[in-house]
Each structure stands twice: as structure tokens, then as C-alpha cells.
Amino acid sequence: MYAFLTGPMLWLSFAICILGCAWRVYKYVKGLNWQLDRVAYGKYPDLAFKGAMKSIFHWLIPFASCSWRAKPVFAAAFFLLHIGLVIVPLFLYAHIMIVAERFGVSWPAMPDGLADILTILSILAGVFILLRRFALSEVRIITTRQDIMIMAISLAPLVTGFVAAHQSGDGNGWLLAHIITGEIWLIAVPFTKLSHAVLFFCSRAQIGIDFGVKRGGQRGSGIVW
Amino acid sequence: MPEGIFCNKKPINTEAELKALLSDTRGTKYYEEMLSLEVDREKLWATIQKTCKSRTQTWLDVCARCGLCADSCFLYLVNDCKPEQVPSYKIQSTLGEMVRRKGDVDNAFMRHAMEVAWSQCTCCNRCAMYCPHGIDMGVMMGYTRGLLYSQGFVPWELKIGAGMHRVYRAQMDVTTEDWVETCEWMAEEQQDDWPGLEIPVDKEDADIMYTCNAREPKHYPEDLAEAAILFHIAGENWTVPSEGWEQTSLSMFAGDWEACKLQVENVYAAIDRLKPKRVIGTECGHAHRATVIEGPYWAGRPDGQPPAPYIHYVQWVAEALRTGKLKIDPAKRIKQTVTYQDSCNYIRNWGLAETAREILTYLVEPGYLVEMTPNKEHNYCCGGGGGFNGIGKFRPQRNKALLTKRDQILATGAKLVIAPCHNCWDAIRDLEEEYHIHIDWSFLKPLLLKMVIIPDHLKPQDEEGDEE
């Protein structure tokens, strides 16, 4: 079971995630239409590139957009959640060890203590965002089952991974649960709203190009995100 | 009754149809018929499949339902933070549902969607600036309006407005003859004060071709005279086309894309015919949006540009002041608290925030300008944009929407609001009429004429050649 989950199933999960995301990006770009979208995508490459980068940058950096600054608590929760989901797994000593054993490549790991803190903060941020959904009427009205489900799918590997790393005794039930939930998460990315892992960049680039080449980017300092 | 006599899926294409629809006062019969207008579900789904491409589909799918758009929407805020006014909700419950149900929606759904599309969104695009994914609900609502229009679910006034463009290539029944006569009349009227002033019609190769809003020749011809006087003072070599002078597009508000194309092509044809160095549009926001920003795409121009450089009136004013073509008498600068209304269509959506501020440095005595909060690209809609001003059925909602601008203006303490946009100007006039906050509001042209220094050679001379 363990061998299957960490062998073929892991490969399959990664393959589905990566190929699925690539497919989503391909479909997105292919579906852009200068006339229907009313954006001359290819005509002003410099302005387009500048607009896209500016648009992504201001939202990728904490508090770099007016909207993040207007909602500092939510923004903090948002970034903590994403650090736990994206940064911590990539720089976790235990993960890097597995890659090093199998492929002989490795990169610097973050201290385990820091990883623990970031994981706990990430879980708390996720719970906060979930509670916020029900507490605020403006968020409650737009919440769907999928929004709750993807939060559950995302938090599950964090919780199981944290427990697995800290349990005493040799039972590997939590570790198995961590691997399974991690694989579910990977597979869910291209098929659910988690596809925003790549579509965020597409969508932000698109609106950046829209404002950059058409809606003001040719004049003054361009849009102030 | 699947199709009504007045309310149906057929656009207005003749003067007779237009007059018939106009005769149905306030659209009483029209809205009655709408209650039983059938939805052509197959056509709706086919249209969606053809036009709802990856950008819109992704916007609908990827929306994280985080609610950050709520506070960005002035209609959400002004309507007591009603959850139904959250932009994400508004678009998901209309366009989102249409797409998810593959066009299988009924009459009641479409009527509700019409109410949302025209009374709960002014397409100001402010939400696009506050959404982490960059989802522009204003753009999507514009698209939704197109779907609704194609099924006959459109407010009465906008069906008429789109019809006007189809019949007259103007938002009002101003014919070519009416227009040219108005130009001649206005030029003649000015001869005593401005000897030699001309409104040249159809002059080829001029430096400037001027386009305007049909309301100007129809209801405020003095606006055209003011434009002419200012060009005269600035010594510009300018012209107006006899055809293709109308820059606005109520068809854009209506979602009648075919009429949008017809209208803008008429203006572009005038540019091709007269070959001006550049085109200057009047003090109107949506006209600029329609003819300069979106128009090139409707007309199928891949570079997204009109046939000649096409600038907004505020750009010409800023340039004329900067280069000294227009000189302001410092003694006549505005010395009362004044504020500036940023038009969504050319400030947020075309980047002229600083250009407008440059003008104010010439017109307003330092210390008298008090900016609204928020302002520039982050401004709130005047409350009447996107066609909201003109729809009788949604007048109560529109009046409520005006409260945002009223309170913004009151907070500045300004007694004068400079509003170089017809829609904003109307909304501010209406909010004064509705709420009596004792303010004045003005376009740039009359303000400039009060302050500009008139060159001696342009002053009227008496018989001995002395200035009067």
C-alpha cells in the first residue's frame, strides 16, 4: 500500500496535476479572442508585458495592491494560507530528503521549527477564511459547496502532515493519510477552482494587458492596482 | 404571446418602428408585453457558446467567492450593504446561471437579469481593480446586457436609444440637415462677438475633426458654439463632418453590438473621408469609451485604434493650456471650493487622471481644489453611468445611487463640481434637484470661456478700427 502510494500513485498524481495545469493554461490562451475580449493582445508587446507583470506583481506581494491594503486581516490570512500550501512543502526537509534519495538532487531546506510555525499559521488562516465565509453576509451569499470542499482538500495534507511529523510511536497511519490527502490535492488542482494555481497568473496577466494596452497604459502611469 | 408588438427580439430599424415604440408612453405596453416574452433558449445557448470564450468562462469559474469585490462597488455600499448587491453575486446569479444552465432559463429569470444588469451595475469597472483574480464584472455585465438585448429583455428607453443609432446614426433624431443647420446657425449667432468665427463643415485635411454628443445640437447648441469659440481663440484649423459627427452610443448601454458597429463605422468613415490629423471628442465619457476605446474592436480594427489619433476634450484643453494656445487670466481663476468628478470611462478606463489635474492647475486658484475620496482611477461612478440615468423604470434605484456622489461632494465642502462628462453632469444636476445640496456643476467649456484671455486681434472692432 505504502509502496503503491509513494510509487505509481505519486507519479500519477504529479502527472495529472502538471499536465492538467498545462492543459488549462493552453485552453485559456487559445480561447483568448482579441475582438470578443476587445483587447489587442499581440499588438503592443512592451505595454502588454509591462501591464501583465505589474498586474501580477501587485497581487503576489503582500499588501502591494490597494485591495490587499483595504482588507489587511484577510490579506494576511490569504498569504499565510498560501505560504503553508506552496512554500512550506517545497522547502520542507522531509520532502527534500525524499527527492534527494530518489533523484540525487536537493536544495536548501527551511528549519523544521519554522516549517511547523508556518504550517500551524496556515491551518489557522484556512480556518479563519472558512469561518469568515459564514460570518460575513457578503461572503456567505456567494459561497458554494465547492469553496468549502477545496478548502477541506487543501487543509487536509497540512493537518495530516503536521500530525505525522509530530506523532510518537511507529504507526504510519497519519503518514499514509498525509500521502493520500496530498495526492487528492494534486489531482484536484486542474479540475477544480484550485486551478487558480495557474489561472491566477493567466487572469491577472489578461486584465493587466487589458489596462496596459487599451485602458490607459499608453498614457500616464497606467492603472494603480 | 411569444413576441410582443413593442417588446420583441427584433431591433428597431425604421423611423416608423421608432415612432411606434416612442408612442408607447413610458413603455407601459412594452413592459406589459415583456411579462410574456418567450426566451429562445436554443439561440441563447448558441450565442453563449459562440461568444463566451476562455476569459469570461475563467472569470466565472475561478471566482474565489472571497467577497473582496463587495466594498469596491458603490451600489453595494449605498444600498445598505445588501448581499444581493455584491458584484460576484450579481454576475454569478445572472450570467453565471445562464451559462451553467446552458441557456435554459425562463422569462422571470431574464426579467430579473435585466433588472440586475441595468439597475445594479453601471459598468464602472471599479470591481476589476479590487478582485485578486482581476475579474472585471463590469465587462461581464456589459456582455450579459448583449445576451439580454438579443432576447428582447432591455429597458424601453435603451431599445429606443439603440434604434435611434440604427435609424439616424445618432442617439436622438438629429438628421444630417439638422446638424449642418445647427452648425451654421451657431456660427452666425456668434458673428457680433466673434467676427470671422466659423464652424467649418466637411473641410478636408484639417488639423482637428470635432465630434460631439447629439444632445448638444439637439438641446444645448450653445455647447457647440462654445467649442467653436475656444477653437477660434486657440487658432485651430478644425472641422466637423456632416455625417459621422455623433460620438455617443446608447447602443453600447443597450448591448446592441450590431448597432454599436454601425454607429462607430459612421464616425470612422468620416475620418477616412476628411483625413484630419486627429479627432477630438466632446466632454463625454461614454462617447469616448464607445468611439475610441471599444469602437475599434467593434469595427474589427486589430490594432485597437481608431483610423486617426482620437483624443478626449480634456486632453486638448490640457495641451492648449500647456502650449499657451489658450491663456487663462489669473485674476479670473476659480476662487471658491471646487472639486472634480472623475468620469469612469476616460479616467479609470483610459488613464486621463493626471491630464485632468493638469487643467485644474490652470483654472483653480491654489488651495481651492478639494479632491473627493476616493478619486482618480479609484473614483466612484457618478451614480448614473452605463445608461442608469436614462431608464425611467429604474429611477428610484438611480436616485438612491446618487447618494454616494452627493456624500462625496458634501465631504469636500465644494460649491462647484467640474464634470467634463455628460453622464456625470446629468447625475450631478439630478442629485442637486433631488437632494438640494446647493452646488453648481459645470463642463469645462463655459468655465474656460469665463477665464480665457481673448487675443486683441479676435476682439470685435468698431468702424474706426478700435476695439469695442
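Going from the start of the chain as shown, residues are counted 1 onward.
Any Cβ shown, glycine's included, is placed from N, Cα and C.
Record features, source TrEMBL:
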DOMAIN    B:112-140  domain '4Fe-4S ferredoxin-type'
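Same-chain neighbours of the domain '4Fe-4S ferredoxin-type' (B:112-140): 56, 59-60, 62-64, 66, 68-69, 71-75, 84-85, 87-88, 90-91, 93-95, 98, 105, 148, 153-155, 158, 255, 344, 348-349, 377-381, 383-388, 391, 393-394, 397-398, 401, counting only residues six or more beyond its ends whose CB sits under 8 Å from a CB of the stretch. The average pLDDT for the domain '4Fe-4S ferredoxin-type' (B:112-140) in the predicted structure is 98. Residue counts for the domain '4Fe-4S ferredoxin-type' (B:112-140) under DSSP (helix as H, G, I; strand as E, B; rest coil) come to 15 helix, 0 strand, 14 coil.
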